Each structure stands twice: as structure tokens, then as C-alpha cells.
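> Relevant sequence annotations retrieved from TrEMBL are reproduced here:
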SIGNAL    1-27  signal peptide
REGION    57-79  region 'Disordered'
COMPBIAS  63-73  compositional bias 'Basic and acidic residues'
REGION    118-140  region 'Disordered'
COMPBIAS  120-138  compositional bias 'Polar residues'
DOMAIN    157-501  domain 'Peptidase A1'
ACT_SITE  D178  active site
DISULFID  C191-C215  disulfide bond
ACT_SITE  D397  active site
Amino acid sequence: MAAAASSPQSRLLRLLSLLAITALVVADGGDGGRRVVRNGVAVISLAELDAWGAARKNPSNSKRAEMLGEQKKSNKPAGTTSTLVLELKHHSLTTVLDEPAARDRYLRRLLAADEARAASLQQPRSNRASTTQSSSRNDAAAEVPLTSGIGFQTLNYVTTITLGGGISTNNNLTVIVDTGSDLTWVQCKPCSSCYPQRDPLFDPAGSPTYAAVPCNASACAASLKAATGTPGSCASTSTSTSTSTSKRCYYALGYGDGSSSRGVLATDTVGLGRARLDGFVFGCGLSNRGLFGGTAGLMGLGRTELSLVSQTRPTYGGAFSYCLPATTSTSSVGSLSLGGVDTSSSSSFHNTTPVAYTRMIADPAQPPFYFLNVTGASVAGAQLSASGLGAANVLIDSGTVITRLAPSVYRAVRDEFARQFAAEAGHNYRTAPGFSILDTCYDLTGRDEMKVPLLTLRLEGGAEVTVDPAGMLFVVKKDGSQVCLAMASLPYEDQTPIIGN
């Protein structure tokens, strides 16, 4: 597909095609209470910080579950566009995480995979083609619920789609939402090597609209190479007659953490709430491995032609945003929106807090990714000074868990956080050994509540984002004896910082 010429309209669309981050500095706690925030310091309990415990303790909200895939009713006049709702959530964990040694092994594996992914994002993928946002705009909007993936044993966020003709509730598929990749794929029958998933495997034989992508299709060559780094391969398969064969396009996709998916490139009808997209190109995975938890696969929201954002551009204009759920509780729900932002009061996930905007940047060396500029930072109001602050091209990635900062910035954040945390903790202050990639840890045994200094990032254009207290600390040990600052340093100053989820 030829790239559109850059115009004031297209530049404006790129500006508005952002990932909306809603930071709640006063958020509902797990007990329905309110977190108290004064002068950039939040009071929070250990139970609220422990995402794993919250996921098991808080039952899912049945009303939210009933809304899954349902169209949001509104009082808009007939003929106007309604917002369609899909939830964004975290994955539930098994009881293995109640056992200290098993929990330790599991968290180390997750953080090691996250480190591998972060490292892979430092390498420019110059062989991947860049696309330019279309300057056309459509006021249609689809909104799907976005939730924590804790329930599926992943630290990423998930949503639920449907796939196949004759869509029913029997083929709901929960997928990880990833802004750092492009091809959407799910595990399919007959699967030669599949990891365990909660939803039933997608069965192409049961969908009358399923079709394998032929080898001579452009999606099998240039588009697939741009999306995955590798063009498709061809193989002949027998058809219903013994004398004829057809060639299908096969994809092979690898991720920076060592996970992979291989299978048939295909088309089918995808359902986003009640919205339907015919001829959606996706990967029907026949051999898949990695840390995808119990999800059915992955939704790619990058910039190339095969991403969900690009494939829905004719309807939704190539714009999307997401609002992360306030907590990792299974009852906490965010949203993934395609198209314009629905500002009506009837929208289920309409933001009640102000939304700040900043310019999104495209890096020619890494065309599929989304970047922004961080111009400053503070911890509980104390302004930080570091050579790495003000650097351009900070990558924002929903698939990276732990935020990575330039060494000079990380040291400034860590030192100021440690100084204020020690002052707040007083005589109860105790340090703990580092854990995996996290080097600043505390022993909070016996503390029901603690005061957490909050990090605020200042973005280009004056927007500010304050990190929620539950995003500042990572609970390693359930008893609170090892709780770590949930950020890490990059190895080198000139590497690309990453704002994780």
C-alpha cells in the first residue's frame, strides 16, 4: 500500500492517534475506600499493592461480565454512532502463587522475559516497512473493555474478541493487547504444539467465513514481512479432492522474550463488541509457546498494514486510545477505543478525570512503534535533574511490564524515592535484597499501610502523568518482606527508554 503524503490533516491525526494514559492519583481501593494523596505522597495498604492477592480476593463483577460484547445503550438520536464496549483487564492466578518458592520462580521468569523483551526493543528493525497514517477521518467509534491480565497469569492487559462466521458466545477469545507488535493471532485447531489456554481453541472448520491467505497475496509477502520481520512461506495442502492441491501462506513470528507463534495466515470475521470486520487478516497459530498465560493469543496494535489499527482504518480512521483499569482486581475495568473518543456521559468508560494530550512521534528506524517526549520528572513534588531528561523518543509499550529509564534518570528517581520513603517510614525503615531486575527493595513486614512518594512525568506540551501508587511498588513476597521499586535502569545512557504498563 502506498504511503500517503504528509499533510496538515495527517499530522493532526497522528497527533490525535495517541495512547491515552489516565493516571488516578486518588483511586478506589480494593475495599471500596479512597486512597489519600497529599503533596504527591499516597497512603496505601500492602493488600492493595499485591496484584496477585487482589486478583484472587476480588470476584469478577457480574454486571461487567454481562456487558462483554454488548452494545452500550445511549439516548443518542437514531442514526448516530454508539460507542461499542470491550473490556481491558489484567489476567487470574492459580493457587501456586500462595506457595513462596513457586511464587518466587514464577515472578523471576516473568521479569526475565520482560527484560528480554525490553532488550529486543533497543534494536532497530530497519527491515520493517513504515506506514503513514491516513488523513481520512471517520466519526465511527468502537470501544471494547480492557482489563488486567492477572487472571490469566500475565502482567499484561487483555480484552475479549470473537472470531469466525456465525459468531456466538461459544467462541469468545481473550487476547493480550500489545502496542509493540502488529499481527493478531490466536491458537487454532488442529494445534501441533499449543500452551494451555482458558478459552476453547478456535476451530477454523467451524467457521464458514474462514479462508487461508494464498501465497500470491500481498499480505503473504511485503505486509507480513513488515509486521513480523519475515515474509510468509508457502506449502501445498490437499483439498477435498485427491487430485488438487492449494498453496497456503504460513507465518513465523518471534518475540523478544523468546515466545513464538507459527501457523497459517488466514482471514475471517472478527467481532469487537457488536462491531464486525469481515476479511480480517490474522494468524491461525498451530505451534505456539511462551509466557502468554492462559490467553488465546495476542492482538497487535502497531502501525503496519496487518495491525488491527490499520485494518480498521476505513471505519475508524486509524485512531485508537486505551484507558488502563485503575487496579489489577478482576472487577476493575478499562477500555480500548477505536476511532474518535466518545465524550458523552452515556459512555460506560467515559473519563471523569481530565485527559492530557501529548504528541505521538514516529521513528523511521523503528516504524511500528509509538514514541513520545518526556521533558521532566518529579518525585512527590521534588524536581529531578538528570542528563537523560528531555531526551526525545521514549517508547510507550503496553507489552512491557517494568518501565525502563536511562541510567541517569533512574538514579535520580531511585535516590529521591529512597530518600523520601525512608523519611516517611521513620524507625520502621528496613531495606531488602534486590530481586531480578529490581534493585531497590524494602522489608515492609508488619506494616498495614505505608506512604508512597509518587513519580510524575512531564510530557511535551505540558501534559503531566502521575503514576498510581500500585504502579510504584512491586510486591515480590506476599508477607511484605520484599517489596521493590517497580522501575529499572537501562544498561546504557543512549538506549531507548520504555514506559511500561
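The backbone N, Cα and C atoms fix where each Cβ goes, glycine too.
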> Just to be sure I understand the packing, how many Cβ atoms besides its own are within 10 Å of the Cβ of D397 (active site)?
23
> Out of D178, C191, C215, which has the highest number of nearby Cβ atoms, where nearby means within 10 Å of its Cβ, if these are the recorded positions?
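The residue with the densest Cβ neighbourhood is D178.
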> Nearest to D397 (active site) in three-dimensional space, by Cα, is which of the recorded positions D178, C191, C215?
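The smallest Cα gap between D397 (active site) and any of the recorded positions is with D178.
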> Kindly state the mean pLDDT of the domain 'Peptidase A1' (157-501) in the predicted structure.
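Averaging the confidence scores along the domain 'Peptidase A1' (157-501) gives 86.
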> Where C191 (disulfide bond) and D178 (active site) are concerned, what is their Cα separation in Å, rounded?
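Answer for this pair: 23 Å between alpha carbons.
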